[in-house]
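Undergrad: Found this in TrEMBL, in case it helps:
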- 459-473: compositional bias 'Basic and acidic residues' (COMPBIAS)
- 513-528: compositional bias 'Basic and acidic residues' (COMPBIAS)
- 540-554: compositional bias 'Polar residues' (COMPBIAS)
- 555-583: compositional bias 'Basic and acidic residues' (COMPBIAS)
- 22-127: domain 'WAC' (DOMAIN)
- 300-361: domain 'DDT' (DOMAIN)
- 459-483: region 'Disordered' (REGION)
- 500-583: region 'Disordered' (REGION)
Amino acid sequence: MPLLKKTPFPLVEPPEDLEPKDLVYQVRYTKEIFHDYQEYVNRINLYRQRIWTCKISGKANLTYEEALVSERLATEKVQGIPKELVELALHIIQFSMLPLKDLADTISAKLQEHKYVGDELHARRGDIFFPCKILKVVGDSNGKTSYEIRWLERNKKVSETSVVNGDDLIRKKKLCSRDILKSFIRESTYRRDPWVLHERLAAKHGISSDPPEELKDKVSVLDGVIIDKKRKTAGEGDESGKCKKKKVEDGAEVKDVAIDNDKQVELIKYPIEDLLVLPAADDPVFTERPLPSREFNVPMDCVGDLLLVWDYCSSFGKLLHLWPFSLEDFENAISRKDSNIILIVETHSAFLRLLLKEDGDHYFAAQKRNRKSKITLLNWTEYLCDFIERIGTPDLSASTSTIKRGHYGLLDIQVKLGILRELVNEAVETLIFRKKIDEYVGQRQVLGATLRGEVLEEARKKREEKERSKSEDVANGVSNGHCMVDSEGLPCKLVSVNKHSSQNGEAVRKHKSEVSSEEDHTSDKSDNNDSETASKKSGKGQNQDAENETGTSEEASKQMKDERRLPTEKRSKDQRKEQLNREMEKRVIRTESLGKDRYYNRYWWFQRDGRIFIENSDSKEWGFYSSIEELSALMGSLNEKGERERALHKELEKFYGRICAELQKRSKDLDNKVAVDEAVVRRSTRVRAIPRENPANSYMRYVNKWKED
């Protein structure tokens, strides 16, 4: 049975209430039966993931069906080991402490030396070795074993018999490869360190299941199973049998550990496979995931090609010399039946110009047909037909006759987007595009290094500033403070006596309240200049206070300047980071999806459009979210205990602000369009707006401002 995370995966038991007339869903390769279609689909999707491991060969990253096939093939290879050698190999395996590789090599070496009746080897005849077959073991003579053999010809026909010594027999080929022996070891044992054979297999070959003396201090036998002595048995140290909790480590959540009847349930460390996540009492309240809108002007199976072509044109518009256009305009233009829509013409012409610059097959094909060097509104279909004939795709070649007659707009949308998809594929292979990608990669590396350097420099400055402030605080405390004594005669911390300091004013007032009334009286007289004697006594103090006041005012002024400068510096640093991130985003290499949900639906966000597009797991259905409320509901429906939904939630949080800004901008644009449409409807029929001015027909006003002369 294939392994999931190195553990056997139990199959679903057949329903108990199954009736012969019931309609059910059955998994072909596991024979599991489901009443509910969604459960069936979930199980199929789980089996299709590359998370399974072949139990016998150890191959990982397989689907469940591939793991089954791998186990079947590995079993067939293991069964190819001669039966006479199986018992010898099992004796070597039992209670061995060697690693898997070393154990396989040890078994291989022992099997090479072992000889048995029926074994085919090579025996020495003179100075040459010839193939032979052992008929029987004759016996020992002078400590050496002799064998009666028959010489074999090339077609393995028996010619004559002889008796030879064991030293004259050699085996030129290995009986089994290391991989086969590894599979044999895995299939024969149920644990390692030490390796222990299955009890039934050991009993069949008369192999003892009791651990040897040298291992008795490490392992013991419990109910016929070998366990480690140092491993704590279930229930020890916890007689109550209640659940234990484990702290969160490295951001991974850990579920409770339940101990019941000497059985300890294995810890579940989140995140795990999404389909294995079960509802729990500590789960938050998940919102209901909104249904995505599926209002497209193109067929559902064409949405993927539509997004692919538009994203490429938007990302590499400068390379194509093609002014950007919105996804709605492109969608409306591609679904129209007009043949010379400027947006469509300029898009095809931009790709064809790029291919002709390459001086490749398309360039020489155009030269042979004496095409004009400039692609225009009148001859762009000629170049397009040459391209279609050049790539030789049968589904697209049938459309050339329609294009040549000037009826490009009458083509099916699938054909139009198929042609553009092939143009994108050809453009990606050009040397011009590859150089641009290499340039972008280099620039992104430089920008990334600059950004990392600034972050490290900022962190270093913060550490230095923190250390400097600590040292200054200590120095100021020693120079401006004095030791206070509490009611028990114990020293208190140092406090500043600068009465003009706003930070230490409270401490000074507290200190004044604790000194004697006589000193308070003297201080009052010195402040009010009521007594000449008190004035003389406090003269030095007043001079010192004046100096402190002057110094304090200068420090306060400096501090205010620093406080005004710090927000400005912080804003400039944040703006610098945003600028570097924007520059990196401008150098797009390819658009990555935000992630997948529990059922492998993929989520895409194109910052030039704002909407979040949802691609079904089989890529046959598409939808989109176009409001902030839908985005919030989507995030609230994701269970972060699952691996995929946790990663998706993290990406949505990362881009949440920008996605909301784009959605809000898009919502305002739609409101403006609706307002304009309503204004057009309210007008009199005599002053009705020209169709080209209608926002829905904005694609008809497209102008390529980056067009090459």
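Each Cβ is built from the backbone N, Cα and C atoms, and glycine gets one as well.
Model, not experiment: these values are computed from the prediction.
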Undergrad: Averaged across the domain 'DDT' (300-361), what pLDDT does the model get? Just tell me the whole number, please.
TA: 90
Undergrad: Could you give me the DSSP helix, strand and coil counts for the domain 'DDT' (300-361)?
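TA: Per DSSP, the residues of the domain 'DDT' (300-361) fall into 45 helix, 0 strand, 17 coil.
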Undergrad: Kindly report the helix/strand/coil residue split of the compositional bias 'Basic and acidic residues' (459-473) according to DSSP, in that order.
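TA: Per-class counts: 15 helix, 0 strand, 0 coil.
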